[in-house]
């Protein structure tokens, strides 16, 4: 009644505005409701949540996020780098090309002869090129060496392609960073609410957990199973906390001593992995270059030598997490903390392995002993277009990682399921059905995503490959989960998992900044290929562009780039 009385005294303009606001809110709510049906894999993820709990559901939601992220990065790189190049080369929209002409560069630095296929080519040669990124793939839009245009003229507009290439790189890194931080903050809020008062969380599930809008029987069963899994997780955590509280001093000393000993073993394993990757990468690069000059090896042996770093890295990534998962059982942590600690240990293995690989490559590229780099600033004899070489290494890591995931599903998971189901041997039954290890599976995709972030600068279409890869992996992992895995004996909560997955992904992104920053700002750019051949480093395109601005704007921008401004800004 009071609302009606208030409405009667309103002017027509205010009445119309209030009615419009109500209609707009209603329309937005309806659009939001309809858009939820367009969410990728919505039904599949709800089904997984009902059958296996919210912990495993959080992995598949995380995988969906990375598919969308990589697709947007691909659209960004394709729109601002690849598409202008294609338009200019085919003369669309009256566009013309301004090729980069070498300035003050020694002739010996501009020699670049990719190992293309000539004459009669066998099918397996194409297959080798497809797996290694060499041959016919080396001078395609997939790699940095293809892009050698200084500017594109569309009618009277000049499009600065080197600047666009560098800014697109900064844009996809900034987009990834902001999107991950946004999702992490949401997860942090959920964690904060749950940790503040566990009893309140328990009451919410019991008295307010049911959604009375559910009318479909199958949806009701899924919701019921989901609540059951959440309550099981709460009870398991409370049981573990009670067990920890009842420990005697003798038990605490035993557990802490064991944890120190296990951590020493972990450090020894990490050191062994890093040293092996360094030695193998140096051997692979030296052997590959010798075989190219002398042509003394078969295609199969060359392919194995080229893939040697990828194979050793994958082997380290496969064996180390198995050892860590075995060792952590003796450390007596809660299920949630077990996943976090295993993830952190395996992150150091996987991401540091990539760092060691890149360090090994850079040590070869910058190897200036005996005046190898004197005319060009880098080892031009072994690496005439070193950016494409780094792109090929990232491409091989991406492809080999995908092959291994498919191979494990086809040749390990399904045969094990068949053996356990149809063989009554005691040894086979002792192995039993495997649980779905959330930490291992999350690490697989974080490792692949870090490769994608680093490799996109050297191979602009790598995000497209990552999008297709993760799209296929979703269905592979779903089939493996449903048909070969058993539900976890110790349930895991989704809210803490989601937040921690994003934190680990953020660590991967921050680690990707380091090699990209060194490549852009420190290592001299190739003089025989690419967009930055007339600049000493890729970064120099930025100050070169700023110098074309008015004097006042130049002073402002250079002031923002100074240490006095930049250091406090990044700290804040």
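Just so it is clear, glycine is given a Cβ too, placed from its N, Cα and C backbone atoms.
As recorded in TrEMBL:
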type: DOMAIN; residues: 385-495; note: domain 'TMC'
type: TRANSMEM; residues: 62-83; note: transmembrane segment
type: TRANSMEM; residues: 136-156; note: transmembrane segment
type: TRANSMEM; residues: 162-181; note: transmembrane segment
type: TRANSMEM; residues: 256-278; note: transmembrane segment
type: TRANSMEM; residues: 307-330; note: transmembrane segment
type: TRANSMEM; residues: 342-362; note: transmembrane segment
type: TRANSMEM; residues: 394-412; note: transmembrane segment
type: TRANSMEM; residues: 499-523; note: transmembrane segment
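Long-range contacts of the transmembrane segment (62-83) within its own chain (CB-CB distance under 8 A, at least 6 residues past either end) are made by residues 40-41, 45, 141, 147, 161, 164-165, 167-168, 171-172, 175-176, 179, 183, 442, 445, 449, 452, 456, 460-461, 463-464, 466-467, 470-471, 473-474, 477, 498, 501-502. A Cβ distance under 8 Å defines the sequence-distant neighbours of the transmembrane segment (307-330), meaning residues of its chain 6+ beyond its ends; these are 131-132, 258, 262, 265-266, 269-270, 273, 276-277, 280-281, 283-284, 338, 341-342, 345-346, 349-350, 353-354, 357, 360, 393, 396-397, 400-401, 404, 437, 439-440, 443, 447. Look at the domain 'TMC' (385-495): DSSP puts its residues at 86 helix, 4 strand, 21 coil. Averaged over the domain 'TMC' (385-495), the predicted model has a pLDDT of 83.
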